[in-house]
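See structure below.
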Amino acid sequence: MRIDEGFLTPEAIARLQQEEALSDKRHKRTAQQIEAIYSSGQNILVSASAGSGKTFVMVERILDKILRGISVDRLFISTFTVKAATELIERIEKKLHTAIAETQDYQLKAYLNDQLQALSQADIGTMDAFAQKLVHQHGYVLGISPHFRIIQDKAEQDILKREVFRQVFEDYMSQTDNKAFIQLVQNFSGRRKDSSAFREIVDSIYAFSQSTANPSSWLAEVFLRGAKTYTSFADIPDQVVDALLACMQDTADQLRDLTDMEGYAQTTKAGKLTAKYTKHLKMIDNLYEWASHFDSLYGKERLGQLAQELTALLPSGADITVAGHKYPIFKSLQEQLVGFRHLETILAYQQESLPLLEVLQAFVISFSEAYLAAKMQENAFEFSDIAHFAIEILQQAPDIRQAYQGHYHEVMVDEYQDNNHMQERLLELLSNGHNRFMVGDIKQSIYRFRQADPQIFNQKFKDYQSNPEHGKLILLKENFRSQSEVLNVTNAVFSRLMDESLGEITYDDKHQLVAGSEAQKQLHPENRAQLLLYNTDQAQEGTEEASTNDGISAGEVTLVAKEIIRLYNEEKVAFEDITLLVSSRTRNDTIFQVFNQYGIPLVADGGQENYLKSVEVMVMLDTLRSINNPLNDYALVALMRSPMFSFDEDQLARISLQSSSQDQPQAFYDKLSNSLRGQGEHPGLIGQELMTKLVDFDRTLRDWRQFAKLHSLYELIWKIFNDRFYFDFVASQPKAEQAQANLYALAIRADQFEQSGYKGLSRFIGMIDKVLETQNDLADVEVERPKHAVNLMTIHKSKGLEFHYVFILNFDKRFAMADLQAPIILNRDEGIGIKYVANVKELLRDEKLASLKVTMETLPYQLNKQQLRLATLSEQMRLLYVAMTRAEKKVYLVGKASKEKIQAKTADNSSEGRLALASRERLLSFQDWLLAITATFSKEDLFIDVRFVDDSDLTAEAVGQLRSSGLLQADDLKDNRQTEDIARALDMLDKVSKLNASYQAAIELPTVRTPSQLKTLYEPLMDTDGVDIIDQPYHRPKSFELPDFSKKKAVEPSQVGSSLHELMQRIPMSDQITAGDIEQALQLVSADAEVKARLDIKKVTAFFATTELGKLLQEHHQRLYREAPFAILKKDSLSQEQYVVRGIIDGYLLFEDRIVLFDYKTDRYQQSAELKQRYQQQMDLYAEALSQSYGIARVEKYLVLMGGSQLEVVRLDE
């Protein structure tokens, strides 16, 4: 392929697909993968199912673009995480190295080497990273300094938010006409007497608005849309009415099926219909009649009447009991009727809430503006601010927008299903309208809590499917990860569960997983999926297993441990090939306890934010609080009770009785002082042993308090560690490595706190307490994870990963639906819906009542609530899909249930091969969904076995123990012929030693060397030429230097050298380099201010302005290559073995007939000849590498010396 070769036509792609299909390759690309790699000329959406090779497609597409002459820095490539970007860059780099090694075309080699250099500057990363870069370069359009910082600490954000909220709140309260505002605050305060509840409402609205493309526009134009639109029965959307009618029919269907069950008494012994059956038949008839003829009987205007009649028709309870089992037949319908039943009254009072919402709208806008102003003053912003700045710049500056659109050949985005509207707007502005390449899978959109909107993907999917002229839709269905047992059960579950109404996409042939290779299609019956249910029937009442909470039980974990032991012992499955997936990071202690009991190594994925709540850190924080203020009773007692001093409850009680007066309450420290002086009320309670401990404690605390006045926090913390051996003590406790890492991090964080300009123990404690007040924490310190252990991680964390065996735990846990009861519910299209507290006193006509407050769900709230409910259930469905598709070989679903109840479960209604919508909406756990599917479609093979596990199956004998196959049993030693074996071993070792000696030089020869390592090899040769080489080891003359008490950090020469090289690399090359260009490049250098101050900018300016080499670089900057990596094969003279020399060349100019090589040096020197001699061999090596690469014999070599008193450019080949 030539680098100027055009892109493939559809006909050429078709031929390539046919050739690939007929080829004898072991791993063939699918036709859809080929289409995704080579299609061009229009927007492309790739719907890539789990394990379909989307990363492979992206890498191959990028490489194809590069090979066709599109430089990698002309591609915009967005990834969801920094880690994904790093992995993508590594794959591209590997592909480029392979291409360089395989080609013999020198021109192509040079071009691909250029691409390797350009890769580090290419826009491959997260949207946040790109937005920062754009605002850094063009923030001047909005008046933003390029030296802004990102507020990444949530605690810092919350502290600033609280301060801004307080100021805005006081402004609104101080207004003369504040009646509506006070009523607004009271509406959300409930029983609280402060403004905290209202502040939470404002926070949630602000956060939601930030995910939109234009927050201020959304707040001004959309925020009140629903409140102004839905004010009467006629405004109720058709889909809401349709959902109610469908629920009525579904309830009638379920009731009809229930009356046909064995055990339901339809007739009496006399043969007459039972009263219950007659009543149920009437219900069935009425439900069918009213639903079928809704328009003629009621219509929207009489919806309230229908709700009243349904309430009268249905029983008060939701269940019907048949043969001792309860069936919640009426639950779904009754839940829907709650809002409709009183809708007429709600609509009458709802209009009162609109003035309050207008005040709320104004307040949130004021808060948003004030919060942004506060951040502008600090020149510190959140990620969302930077993204909005980037959008604003591109919208306000057409020249900048057009420059980006003209620069990018293609705008590529990975994990497109997890984009929010802010990110989508930024991508639209960067694209020219027909050069977008989007890869994702709506079935794996699980980040709604980050305001991701899967409908962005879904709308494009539908548009491109219906209108190919708008863009190309490519489906990647083949899965190359999982065996057929995993694929089959996944398809069986989701084809009966997921559709457009719930799941937001229909799981049909377009989305079902297909095995991508013949090996995957081979059947392994032992890997058939299993639903393992711990039977709660046998659990004793009051025990954990009998509880109805959502926590995982010890029984569930024990059955998992039993299966893992079986896999390890019998199938030789390594622990690291097994992963446990849970829904959240917390409340997993039972898993660790049970696994520890059976000796199964387990490692949890990091990321928990409970650092400040770890025991060892809490002890240290209470110690610091006590040093700061001994009158803090809680902290002081906690310190005394801690392992550092080990006062027990009895001793603390004796001290607490030592008040000097019963009239005035005293702090515990005062009682401690009274105890020491013998002046308490009961001095006889303080024995000699306790007195000794008190004296030791008091002396130590006083010593620490005095030390804290004169020393840093870092030194104080380490003094506490050393004085009481606390750092050593935690090393003997469980999770010792983590505990010590946490304590060490506390000292480091305290030091960073003081380094940032804040001083003093009091301020540090205040900062920590503010973090805890805002319900925030700091991330746990990461420690090295054991390699051979079972993994425990959340489903969210597992996305994109794959494991041989997957256990999805707590399968019966109910979905978190708390958001459906929140005071407000926000919708991107309809705005806000609220619970309004209305005074309904006049409805009762009781003059004795001052007021009667009733909280009612307004119609916009109810509509937003229904949409949120569907969105939440849809995301849970996708979460299950992600979890199941992580497995390569086998998936286990683990929960708990009553065997008796499950076996008596009847089939749910189904429609078009799926569970009925009402059933799917009613069921609120993964387990409920799956059991409904198995009951409803029991006659079909669902590729999963349901198995109950009793306590009798989980005894210590039944579970078993891990067997180690590596231990040598004593019985195996009796026939051991030691003398003969040892002699044979010694003989073998002797032969190996002789062989090693004969090839000693080759063994010691490194495979890869750097030029600086080679320089030491040349030193003996340089010595023979009259150059003195200092004998090793070199001993410096002893001298006494005064200690440096300054706070300035020492700047190492190596730091200056590295920063200079980075500066010379960052200077934008042009025909005329100005001082401004150099100053701008200096700002981009990633070094401390102290290091930058040591850079001699005058010499850099003089280099380009006065030297011939500097002028040559500017004149021919198109031929300039900087920071160029190279590799050359050399032969060792002693061993005659080959080795690779690798390095980085500062720069060179490439002409047709010559190469101009140069290198910057910051070494101190007296005579330039010293450095010429020192670096001659290194430069010769660079020249040899360039000459071999380009086939050009003439290479001019220059050293640019910046370490002397004057700038000097010397040529080495003269």
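Any Cβ shown, glycine's included, is placed from N, Cα and C.
What Swiss-Prot lists as domain 'UvrD-like helicase ATP-binding' is 27-483, and the listing cites sequence analysis.
Under the heading ATP binding site, Swiss-Prot lists A48, S49, A50, G51, S52, G53, K54, T55, citing sequence analysis as support. All protein chains considered, the CB of G53 (ATP binding site) has 23 other CB atoms within 10 Å.
Residues annotated as domain 'UvrD-like helicase C-terminal' in Swiss-Prot: 512-800.
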Fill in the blank from the handout: T55 (ATP binding site) falls, by three-state DSSP, under helix
Handout entry: Additional residues around ATP, ordered along the sequence, whose Cβ is within 8 Å of the centroid of A48, S49, A50, G51, S52, G53, K54, T55
Key = D441, L476, N479, F480, R481
Problem - Across the domain 'UvrD-like helicase ATP-binding' (27-483), average pLDDT on the 0 to 100 scale - result: 92
Completion exercise
CB contacts under 8 angstroms to A48 (ATP binding site), restricted to the same chain and 6+ apart in sequence, sorted by sequence, are K54, V57, V439, G440, D441, L476
Fill in the blank from the handout: One finds that other Cβ atoms within 10 Å of the Cβ of T55 (ATP binding site) number exactly 17
Problem - Surrounding CB atoms that lie within 10 Å of the CB of A50 (ATP binding site), all protein chains - result: 24
Problem - Listed in sequence order, residues with CB under 8 A of S52 (ATP binding site) and six or more positions away - result: L476, K477, E478, N479, F480, G516
Fill in the blank from the handout: A correct count of other C-beta atoms within 10 Å of the C-beta of S49 (ATP binding site) gives 24
Problem - Protein Cβ atoms within 10 Å of G51 (ATP binding site), excluding its own - result: 22
Completion exercise
In three-state DSSP terms, A48 (ATP binding site) is classed as strand
